[in-house]
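Noted in Swiss-Prot for the protein shown:
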BINDING   Cys268, Cys271, Cys303, Glu310  [4Fe-4S] cluster binding site
Amino acid sequence: MISRRSTRQIQVGRVAVGGDSPVSVQSMTNTDTRDIEKTAEQLQRLQQAGCDIARVAVLDQDAARAISALVDMSSMPIIADIHFDYRLAIAAMENGAAAIRINPGNLGGEEKTAKVVAAAKMHGLPIRVGVNSGSIEKDLLKKYGYPTADNTQALIESALRNVRLLEKHGFEQIKISIKSSDVLTTVNGYQQLSKVTDYPLHLGVTEAGGLIAGTVKSSVALGILLNQGIGDTLRISLTRDPVEEVRVAFELLRCLGIRQRGPELISCPTCGRTRIDLFSLAEKVEQVVQAMEAPIKVAVMGCVVNGPGEAKEADIGIAGGEGLGIIFKKGVLYKKVAEEQLLEVFLAELRELEEEYQKKHNNV
(Lines of atoms letter the chains of each structure in order from A and count residues from 1; the text may use other names and numbers.)
(Lines give C-alpha, C1' and ligand atoms only; values in the text may rest on other atoms or scores of the structure.)
Protein backbone atom coordinates (compact mmCIF):
# COMPACT_ATOMS: atom_id res chain seq x y z
CA MET A 1 0.00 0.00 0.00
CA ILE A 2 1.47 3.34 -1.07
CA SER A 3 1.67 6.00 1.63
CA ARG A 4 0.92 9.41 0.11
CA ARG A 5 2.99 12.45 1.01
CA SER A 6 1.05 14.87 3.20
CA THR A 7 0.16 18.01 1.23
CA ARG A 8 -2.20 20.94 1.44
CA GLN A 9 -5.47 20.63 -0.40
CA ILE A 10 -6.76 23.06 -3.00
CA GLN A 11 -9.99 23.05 -4.97
CA VAL A 12 -9.99 23.13 -8.78
CA GLY A 13 -13.67 23.56 -9.52
CA ARG A 14 -15.39 20.48 -8.16
CA VAL A 15 -12.12 18.49 -7.99
CA ALA A 16 -10.03 18.50 -4.82
CA VAL A 17 -6.27 18.28 -5.40
CA GLY A 18 -3.85 17.31 -2.65
CA GLY A 19 -4.53 16.29 0.92
CA ASP A 20 -6.33 12.96 1.07
CA SER A 21 -8.10 13.42 -2.27
CA PRO A 22 -7.54 10.85 -5.05
CA VAL A 23 -4.74 11.46 -7.54
CA SER A 24 -6.52 13.31 -10.33
CA VAL A 25 -5.96 12.91 -14.06
CA GLN A 26 -5.51 15.90 -16.33
CA SER A 27 -5.08 16.52 -20.03
CA MET A 28 -4.88 19.51 -22.35
CA THR A 29 -6.92 20.20 -25.45
CA ASN A 30 -5.02 20.58 -28.72
CA THR A 31 -7.76 22.49 -30.51
CA ASP A 32 -7.86 26.24 -31.08
CA THR A 33 -9.68 27.36 -27.94
CA ARG A 34 -11.46 30.01 -30.00
CA ASP A 35 -13.11 27.21 -31.97
CA ILE A 36 -15.73 26.56 -29.32
CA GLU A 37 -17.46 23.68 -31.13
CA LYS A 38 -14.29 21.63 -31.68
CA THR A 39 -12.91 22.38 -28.23
CA ALA A 40 -16.19 21.46 -26.53
CA GLU A 41 -16.31 18.20 -28.49
CA GLN A 42 -12.81 17.32 -27.35
CA LEU A 43 -13.61 18.23 -23.75
CA GLN A 44 -16.61 15.91 -23.91
CA ARG A 45 -14.48 13.02 -25.17
CA LEU A 46 -11.89 13.68 -22.47
CA GLN A 47 -14.55 13.63 -19.78
CA GLN A 48 -16.04 10.40 -21.15
CA ALA A 49 -12.56 8.86 -20.91
CA GLY A 50 -12.44 9.80 -17.22
CA CYS A 51 -10.43 13.02 -17.33
CA ASP A 52 -10.90 15.01 -14.11
CA ILE A 53 -9.47 18.38 -15.16
CA ALA A 54 -8.71 19.84 -18.61
CA ARG A 55 -6.42 22.69 -19.58
CA VAL A 56 -6.90 24.98 -22.57
CA ALA A 57 -4.43 27.34 -24.21
CA VAL A 58 -5.32 31.02 -23.91
CA LEU A 59 -3.47 32.83 -26.68
CA ASP A 60 -5.53 36.01 -26.83
CA GLN A 61 -8.63 37.74 -25.47
CA ASP A 62 -10.91 35.84 -27.86
CA ALA A 63 -9.64 32.57 -26.39
CA ALA A 64 -10.18 33.90 -22.87
CA ARG A 65 -13.76 34.85 -23.72
CA ALA A 66 -14.37 31.42 -25.25
CA ILE A 67 -13.87 29.86 -21.82
CA SER A 68 -17.26 31.22 -20.76
CA ALA A 69 -19.05 29.16 -23.41
CA LEU A 70 -16.88 26.10 -22.75
CA VAL A 71 -17.66 26.20 -19.03
CA ASP A 72 -21.37 26.25 -19.86
CA MET A 73 -20.91 23.20 -22.09
CA SER A 74 -18.73 21.08 -19.79
CA SER A 75 -18.99 20.11 -16.12
CA MET A 76 -15.27 19.35 -16.06
CA PRO A 77 -13.09 22.05 -14.45
CA ILE A 78 -11.16 24.03 -17.07
CA ILE A 79 -7.71 25.46 -16.37
CA ALA A 80 -6.47 28.39 -18.44
CA ASP A 81 -2.88 28.05 -19.62
CA ILE A 82 -1.28 31.50 -19.65
CA HIS A 83 2.05 32.79 -20.92
CA PHE A 84 3.47 36.32 -21.07
CA ASP A 85 0.28 38.43 -20.92
CA TYR A 86 -1.10 38.85 -17.38
CA ARG A 87 -4.31 40.34 -18.80
CA LEU A 88 -5.21 36.99 -20.32
CA ALA A 89 -5.04 35.38 -16.88
CA ILE A 90 -7.43 37.96 -15.47
CA ALA A 91 -9.79 37.62 -18.43
CA ALA A 92 -9.78 33.82 -18.19
CA MET A 93 -10.76 33.97 -14.53
CA GLU A 94 -13.50 36.48 -15.29
CA ASN A 95 -14.86 34.07 -17.90
CA GLY A 96 -15.15 31.07 -15.60
CA ALA A 97 -11.80 29.26 -15.58
CA ALA A 98 -11.51 27.02 -12.52
CA ALA A 99 -7.79 27.77 -12.16
CA ILE A 100 -4.90 29.21 -14.10
CA ARG A 101 -1.47 27.89 -14.94
CA ILE A 102 1.28 30.49 -15.12
CA ASN A 103 5.00 30.89 -14.89
CA PRO A 104 5.12 34.14 -12.87
CA GLY A 105 8.63 34.76 -14.15
CA ASN A 106 7.34 35.48 -17.67
CA LEU A 107 4.34 37.67 -16.81
CA GLY A 108 6.31 40.92 -16.97
CA GLY A 109 7.30 41.61 -13.38
CA GLU A 110 5.96 41.62 -9.85
CA GLU A 111 3.42 44.39 -10.39
CA LYS A 112 1.64 42.43 -13.12
CA THR A 113 1.85 39.20 -11.15
CA ALA A 114 0.27 41.01 -8.19
CA LYS A 115 -2.71 41.92 -10.39
CA VAL A 116 -3.16 38.26 -11.32
CA VAL A 117 -2.98 37.27 -7.65
CA ALA A 118 -5.59 39.90 -6.74
CA ALA A 119 -7.94 38.51 -9.39
CA ALA A 120 -7.39 34.92 -8.21
CA LYS A 121 -8.19 35.98 -4.65
CA MET A 122 -11.33 37.77 -5.75
CA HIS A 123 -12.60 34.74 -7.68
CA GLY A 124 -11.35 32.21 -5.10
CA LEU A 125 -9.27 30.32 -7.67
CA PRO A 126 -5.96 28.44 -7.36
CA ILE A 127 -2.83 29.03 -9.41
CA ARG A 128 -0.41 26.43 -10.72
CA VAL A 129 3.17 27.60 -10.80
CA GLY A 130 4.35 25.66 -13.84
CA VAL A 131 8.08 25.64 -14.49
CA ASN A 132 9.69 23.78 -17.40
CA SER A 133 13.39 23.20 -17.92
CA GLY A 134 13.18 25.41 -21.02
CA SER A 135 11.63 28.38 -19.22
CA ILE A 136 14.01 28.92 -16.31
CA GLU A 137 15.19 32.44 -15.55
CA LYS A 138 18.58 33.36 -17.02
CA ASP A 139 20.14 34.25 -13.67
CA LEU A 140 19.29 30.81 -12.29
CA LEU A 141 20.73 29.08 -15.35
CA LYS A 142 23.89 31.12 -14.93
CA LYS A 143 24.09 30.23 -11.25
CA TYR A 144 23.17 26.53 -11.38
CA GLY A 145 23.49 25.49 -15.01
CA TYR A 146 20.88 23.76 -17.16
CA PRO A 147 18.90 21.10 -15.27
CA THR A 148 20.25 17.55 -15.44
CA ALA A 149 19.57 14.37 -13.51
CA ASP A 150 22.39 15.27 -11.13
CA ASN A 151 21.57 18.97 -10.89
CA THR A 152 17.93 20.01 -10.62
CA GLN A 153 18.52 23.06 -8.44
CA ALA A 154 17.63 25.59 -11.14
CA LEU A 155 14.22 23.96 -11.64
CA ILE A 156 13.52 23.85 -7.92
CA GLU A 157 14.72 27.37 -7.20
CA SER A 158 12.71 28.78 -10.11
CA ALA A 159 9.54 27.19 -8.74
CA LEU A 160 10.19 28.27 -5.16
CA ARG A 161 11.09 31.81 -6.22
CA ASN A 162 7.78 32.14 -8.01
CA VAL A 163 5.88 30.55 -5.14
CA ARG A 164 7.45 33.05 -2.75
CA LEU A 165 6.31 35.85 -5.05
CA LEU A 166 2.71 34.66 -4.76
CA GLU A 167 3.06 34.18 -1.01
CA LYS A 168 4.42 37.71 -0.68
CA HIS A 169 1.03 38.93 -1.86
CA GLY A 170 -0.84 36.72 0.59
CA PHE A 171 -1.69 33.92 -1.82
CA GLU A 172 -1.35 30.23 -0.92
CA GLN A 173 -3.87 28.40 -3.13
CA ILE A 174 -0.98 26.99 -5.12
CA LYS A 175 0.11 23.80 -6.81
CA ILE A 176 3.52 23.33 -8.39
CA SER A 177 5.02 21.54 -11.37
CA ILE A 178 8.65 21.31 -12.46
CA LYS A 179 8.81 19.46 -15.75
CA SER A 180 11.68 18.23 -17.87
CA SER A 181 11.75 16.06 -20.99
CA ASP A 182 14.36 13.88 -19.26
CA VAL A 183 13.09 11.08 -17.03
CA LEU A 184 15.75 11.18 -14.31
CA THR A 185 15.79 14.97 -14.17
CA THR A 186 12.04 14.88 -13.63
CA VAL A 187 12.27 12.20 -10.94
CA ASN A 188 15.12 13.80 -9.02
CA GLY A 189 13.62 17.26 -9.30
CA TYR A 190 10.27 16.26 -7.84
CA GLN A 191 11.93 14.17 -5.14
CA GLN A 192 13.94 17.16 -3.96
CA LEU A 193 11.02 19.58 -4.30
CA SER A 194 8.77 17.34 -2.20
CA LYS A 195 11.21 17.68 0.69
CA VAL A 196 10.98 21.47 0.87
CA THR A 197 7.29 22.23 0.23
CA ASP A 198 3.91 20.84 1.18
CA TYR A 199 2.04 22.40 -1.72
CA PRO A 200 0.33 19.81 -3.95
CA LEU A 201 2.46 18.69 -6.89
CA HIS A 202 1.33 18.31 -10.50
CA LEU A 203 3.42 15.55 -12.11
CA GLY A 204 4.42 15.33 -15.75
CA VAL A 205 7.21 14.81 -18.25
CA THR A 206 7.13 17.61 -20.80
CA GLU A 207 7.64 16.95 -24.51
CA ALA A 208 7.59 13.22 -23.76
CA GLY A 209 7.00 12.18 -27.39
CA GLY A 210 4.64 9.93 -29.31
CA LEU A 211 2.51 7.07 -28.03
CA ILE A 212 5.30 4.56 -27.35
CA ALA A 213 8.16 6.82 -26.25
CA GLY A 214 5.86 9.18 -24.38
CA THR A 215 4.08 6.38 -22.56
CA VAL A 216 7.33 4.72 -21.52
CA LYS A 217 9.04 7.92 -20.38
CA SER A 218 6.02 9.18 -18.48
CA SER A 219 5.28 5.81 -16.91
CA VAL A 220 8.84 5.36 -15.68
CA ALA A 221 9.16 8.86 -14.25
CA LEU A 222 5.68 9.20 -12.80
CA GLY A 223 5.55 5.56 -11.70
CA ILE A 224 8.66 6.01 -9.57
CA LEU A 225 7.31 9.19 -8.00
CA LEU A 226 3.80 7.91 -7.38
CA ASN A 227 5.16 4.72 -5.83
CA GLN A 228 7.07 6.94 -3.40
CA GLY A 229 3.87 8.78 -2.50
CA ILE A 230 4.83 11.90 -4.45
CA GLY A 231 2.23 13.54 -6.68
CA ASP A 232 -1.33 14.78 -6.29
CA THR A 233 -2.40 15.22 -9.91
CA LEU A 234 -0.81 14.26 -13.22
CA ARG A 235 -0.78 14.61 -16.95
CA ILE A 236 0.71 12.14 -19.41
CA SER A 237 1.96 14.31 -22.28
CA LEU A 238 1.74 12.60 -25.66
CA THR A 239 1.92 13.76 -29.25
CA ARG A 240 -1.44 12.09 -29.82
CA ASP A 241 -5.15 12.58 -29.33
CA PRO A 242 -5.43 13.88 -25.72
CA VAL A 243 -7.87 11.07 -24.94
CA GLU A 244 -4.91 8.68 -25.19
CA GLU A 245 -3.20 10.67 -22.42
CA VAL A 246 -6.12 9.95 -20.11
CA ARG A 247 -6.17 6.24 -20.94
CA VAL A 248 -2.45 5.89 -20.26
CA ALA A 249 -2.79 7.84 -17.01
CA PHE A 250 -5.50 5.58 -15.66
CA GLU A 251 -3.58 2.47 -16.70
CA LEU A 252 -0.56 3.77 -14.79
CA LEU A 253 -2.64 4.49 -11.68
CA ARG A 254 -4.25 1.05 -11.97
CA CYS A 255 -0.88 -0.71 -12.17
CA LEU A 256 0.22 1.01 -8.96
CA GLY A 257 -3.00 0.18 -7.15
CA ILE A 258 -3.76 3.88 -6.71
CA ARG A 259 -6.96 4.27 -8.67
CA GLN A 260 -9.05 2.10 -10.97
CA ARG A 261 -11.50 3.10 -13.64
CA GLY A 262 -13.23 0.58 -15.85
CA PRO A 263 -12.04 -2.89 -16.85
CA GLU A 264 -8.45 -4.07 -16.92
CA LEU A 265 -7.64 -5.84 -20.18
CA ILE A 266 -4.95 -8.50 -20.26
CA SER A 267 -3.94 -10.42 -23.36
CA CYS A 268 -1.21 -12.86 -24.28
CA PRO A 269 1.66 -11.79 -26.56
CA THR A 270 0.94 -14.72 -28.94
CA CYS A 271 3.22 -17.60 -29.80
CA GLY A 272 3.38 -20.50 -32.24
CA ARG A 273 0.31 -22.10 -30.64
CA THR A 274 -1.93 -19.17 -31.61
CA ARG A 275 -4.47 -20.20 -34.24
CA ILE A 276 -6.64 -17.07 -34.46
CA ASP A 277 -6.11 -13.44 -35.37
CA LEU A 278 -5.50 -12.40 -31.77
CA PHE A 279 -4.27 -8.91 -32.66
CA SER A 280 -7.59 -8.03 -34.28
CA LEU A 281 -9.58 -9.77 -31.56
CA ALA A 282 -7.79 -7.95 -28.74
CA GLU A 283 -8.16 -4.61 -30.51
CA LYS A 284 -11.92 -5.02 -30.95
CA VAL A 285 -12.38 -6.08 -27.33
CA GLU A 286 -10.28 -3.12 -26.19
CA GLN A 287 -12.51 -0.71 -28.10
CA VAL A 288 -15.52 -2.01 -26.18
CA VAL A 289 -13.97 -2.10 -22.69
CA GLN A 290 -12.75 1.48 -23.06
CA ALA A 291 -16.38 2.59 -22.85
CA MET A 292 -17.16 0.40 -19.82
CA GLU A 293 -17.08 1.38 -16.15
CA ALA A 294 -17.29 -2.03 -14.45
CA PRO A 295 -13.99 -2.63 -12.57
CA ILE A 296 -13.49 -6.16 -13.89
CA LYS A 297 -10.52 -7.99 -15.37
CA VAL A 298 -10.94 -9.13 -18.97
CA ALA A 299 -8.60 -11.60 -20.69
CA VAL A 300 -8.05 -12.21 -24.40
CA MET A 301 -5.93 -15.31 -24.96
CA GLY A 302 -4.79 -17.03 -28.12
CA CYS A 303 -4.65 -20.62 -26.95
CA VAL A 304 -7.43 -22.79 -25.49
CA VAL A 305 -4.82 -25.10 -23.94
CA ASN A 306 -3.06 -22.60 -21.67
CA GLY A 307 -5.27 -19.50 -21.93
CA PRO A 308 -7.80 -20.14 -19.15
CA GLY A 309 -5.14 -21.29 -16.71
CA GLU A 310 -2.78 -18.41 -17.37
CA ALA A 311 -5.61 -15.89 -17.04
CA LYS A 312 -7.52 -17.59 -14.22
CA GLU A 313 -7.63 -14.35 -12.22
CA ALA A 314 -9.74 -12.74 -14.95
CA ASP A 315 -13.43 -12.25 -14.25
CA ILE A 316 -14.16 -13.19 -17.84
CA GLY A 317 -11.96 -14.23 -20.72
CA ILE A 318 -11.88 -15.52 -24.24
CA ALA A 319 -9.52 -17.98 -25.90
CA GLY A 320 -9.45 -19.05 -29.52
CA GLY A 321 -8.55 -22.23 -31.30
CA GLU A 322 -8.99 -23.75 -34.74
CA GLY A 323 -12.67 -23.32 -35.54
CA LEU A 324 -13.73 -23.26 -31.90
CA GLY A 325 -13.26 -20.80 -29.07
CA ILE A 326 -14.13 -20.73 -25.41
CA ILE A 327 -15.36 -18.16 -22.93
CA PHE A 328 -14.19 -18.70 -19.36
CA LYS A 329 -14.85 -17.11 -15.99
CA LYS A 330 -12.22 -17.22 -13.24
CA GLY A 331 -10.37 -19.87 -15.23
CA VAL A 332 -13.39 -22.17 -15.51
CA LEU A 333 -14.99 -23.03 -18.84
CA TYR A 334 -18.26 -21.14 -19.29
CA LYS A 335 -19.14 -21.56 -22.97
CA LYS A 336 -17.83 -23.15 -26.15
CA VAL A 337 -18.54 -21.03 -29.21
CA ALA A 338 -17.90 -21.43 -32.93
CA GLU A 339 -14.96 -19.24 -33.95
CA GLU A 340 -17.02 -17.05 -36.30
CA GLN A 341 -19.41 -16.20 -33.44
CA LEU A 342 -16.81 -15.91 -30.69
CA LEU A 343 -16.38 -12.14 -30.70
CA GLU A 344 -20.10 -11.40 -30.96
CA VAL A 345 -21.00 -13.71 -28.06
CA PHE A 346 -18.13 -12.45 -25.92
CA LEU A 347 -19.05 -8.80 -26.43
CA ALA A 348 -22.63 -9.62 -25.46
CA GLU A 349 -21.33 -11.15 -22.22
CA LEU A 350 -19.27 -8.02 -21.53
CA ARG A 351 -22.27 -5.76 -22.09
CA GLU A 352 -24.31 -7.90 -19.69
CA LEU A 353 -21.63 -7.51 -17.00
CA GLU A 354 -21.60 -3.76 -17.59
CA GLU A 355 -25.40 -3.58 -17.29
CA GLU A 356 -25.27 -5.52 -14.01
CA TYR A 357 -22.63 -3.15 -12.68
CA GLN A 358 -24.60 -0.07 -13.71
CA LYS A 359 -27.78 -1.39 -12.06
CA LYS A 360 -25.94 -2.11 -8.83
CA HIS A 361 -23.83 1.05 -8.91
CA ASN A 362 -26.74 3.35 -9.70
CA ASN A 363 -29.21 1.47 -7.48
CA VAL A 364 -31.52 0.88 -10.42
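Any Cβ shown, glycine's included, is placed from N, Cα and C.
Feature map: annotations from Swiss-Prot on the structure.
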{"residue": "Cys268", "record": "[4Fe-4S] cluster binding site", "Cβ within 10 Å": "19"}
{"residue": "Cys271", "record": "[4Fe-4S] cluster binding site", "Cβ within 10 Å": "9"}
{"residue": "Cys303", "record": "[4Fe-4S] cluster binding site", "Cβ within 10 Å": "21"}
{"residue": "Glu310", "record": "[4Fe-4S] cluster binding site", "Cβ within 10 Å": "17"}
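Listed in chain order, the residues near the [4Fe-4S] cluster site other than Cys268, Cys271, Cys303, Glu310 are Pro269, Thr270, Arg273, Thr274, Met301, Gly302, Asn306, Gly307, each with its Cβ within 8 Å of the site Cβ centroid. DSSP classifies Glu310 ([4Fe-4S] cluster binding site) as helix under the three-state reduction.
Secondary structure at Cys268 ([4Fe-4S] cluster binding site), taken from DSSP and collapsed to helix, strand or coil, is coil.
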